[in-house]
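As structure tokens, the structure follows; a few thoughts come after it.
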Amino acid sequence: MSDACCYWFTGLSGAGKSTIAGELFPLLRERGQQPFILDGDIIRQGLCRDLGFSEADRAENQRRVAEVAAILLQAGVSPIVAFISPLAAARAEARRIVGAERFFEIYINTPLEVAEARDPKGLYKKVRAGLIQEFTGISSPFEAPEKPDCVVPTVGRTPRECARQIVDELLQTEKE
Ligand code: ADP
């Protein structure tokens, strides 16, 4: 049984965080971990429904999720956090809360043009129509990680390939 770890995804809306999280889930189970996906969209409907998208609210959103991730780790569960997490300082804070030795920052690296063309939730269309303000990558900053534990490009690859890369790079020594 592998030790529980936190897989913290960061990337633009439409980058592929939720999709790759879903692919990573069974791969971690095969390796003896007990994963659990914390998806930004779902957390925002419940635990963080009082929060908006200002810088302060985004930081608080992330802080709460990091605390939840830390609790899951205590229970032996491996959280896969699929949050845009646009700000480097808030990601550093998450690493501190979770514990650096069990925290993997994973950059789901998809260029804005590609994420916008995918537009899986129709959000970019609404942004361009002026219906959504403070949207990451367009009217709100995205600070790409400088030293992530893993960089996952998605263009020209399947979500499955992306999930496999994460396992291959981060769990090399735990494959048995
Ligand atoms: P996010 O959670 O980052 O907002 P989603 O996972 O909801 O993004 O949407 C990503 C979209 O991109 C999906 O429609 C997915 O099918 C598509 N896609 C195409 N190639 C990939 C890939 N290699 N990895 C992840 N998603 C991909």
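Here the Cβ of each residue, glycine as well, is placed from N, Cα and C on the backbone.
TrEMBL entries are annotated by machine, without manual review.
What TrEMBL records for this protein:
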ACT_SITE  Ser85  active site, phosphoserine intermediate
BINDING   Gly11, Leu12, Ser13, Gly14, Ala15, Gly16, Lys17, Ser18  ATP binding site
DOMAIN    4-152  domain 'APS kinase'
Statement: What remains of the recorded positions Lys17, Ser18, Ser85 after requiring a CB under 6 angstroms from ligand 1 is Lys17, Ser18
Task: Restricting to the domain 'APS kinase' (4-152), report the mean pLDDT as a whole number.
output: 95
- line: Students should find that the Cα atoms of Lys17 (ATP binding site) and the residue listed as 'active site, phosphoserine intermediate' sit apart, in Å rounded to an integer, by 11
Statement: Its Cβ having more other Cβ atoms within 10 Å than any other among the recorded positions Ser13, Ser18, Ser85, the winner is Ser85
Query: Between Leu12 (ATP binding site) and the residue listed as 'active site, phosphoserine intermediate', what is the CA-CA distance rounded to a whole number of Å?
result: 9
Task: Mind telling me which of the binding-site residues Gly11, Gly14 has the densest Cβ neighbourhood, counting other Cβ atoms within 10 Å?
output: Gly11
Statement: If you tally other C-beta atoms within 10 angstroms for each of the binding-site residues Leu12, Ala15, the top scorer is Ala15
Message: Please report the Cα separation of Ser85 (active site, phosphoserine intermediate) and Ala15 (ATP binding site) in Å, rounded to an integer.
response: 12
Message: Using the Cβ center of Gly11, Leu12, Ser13, Gly14, Ala15, Gly16, Lys17, Ser18 as the ATP site position, which other residues in that chain lie within 8 Å, going by their Cβ?
response: Phe9, Ala82, Ile84, Ile108, Thr110, Ala115
Query: Name the residues of the same chain, 6+ apart in sequence, whose Cβ is under 8 Å from the Cβ of Gly16 (ATP binding site)?
result: Ile108, Thr110, Thr154, Pro159, Cys162
- request: Note down the number of other Cβ atoms within 10 Å of the Cβ of Lys17 (ATP binding site), including every protein chain shown.
  value: 28
